[in-house]
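These features come from Swiss-Prot:
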| type | residues | note |
| --- | --- | --- |
| BINDING | 11, 12, 13, 14, 15, 16, 77, 158, 159, 160, 161, 184, 189, 190 | substrate binding site |
| BINDING | 76 | Mg(2+) binding site |
| ACT_SITE | 76 | active site, proton acceptor |
């Protein structure tokens, strides 16, 4: 069996891709070269139709592996607000009706929570990461608890970062959009999920 040299990160979202790459690079996976969907021959990508983040992440990783033959890691993530029964959940990216409309999604969520008192504004960012290779399928979940702010703050990140105030030491009540990339990478839901996935990735990097 040939040495695995490429790991396909199954994403076209450049901001998410940059974050995933930073976390994986910081882990020192020297046996793997990261490539994205922008680096491979285009293929039909299945819609995100799963009932859970895990369903969607696994479907994306399976599709990418089947189309390219490269070991593939995929992420599906979103925001779960307790006052909305865990929504927007898997609908996070299209909560306002248009996929990827961060401003619209954020504005709608704030409007839906406008009368919710501070003590009931708990929420969590959730990331499911799936790894599919010729010998293995692994799915993990990372959760980053926090609360929903009453208005957007900060200009970094993407998605709901400007209204999510994460729990964590030394974060000082800032939203994710106000954190430095290194701070986000050290606490985020994707970091937590990828940390759980790291043993499988290290095996992949060493496999011959």
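Positions of Cβ are set from backbone N, Cα and C atoms, glycine also.
Structure coloured by features recorded in Swiss-Prot.
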residue : record                 : Cβ neighbours (10 Å)
11      : substrate binding site : 22
13      : substrate binding site : 16
15      : substrate binding site : 14
76      : Mg(2+) binding site    : 25
77      : substrate binding site : 24
159     : substrate binding site : 22
161     : substrate binding site : 25
189     : substrate binding site : 26
Can you grab the distance from residue 189 (substrate binding site) over to residue 76 (Mg(2+) binding site)? Cα atoms, rounded to a whole Å.
11
Tell me, by DSSP, whether residue 76 (Mg(2+) binding site) is helix, strand or coil?
strand
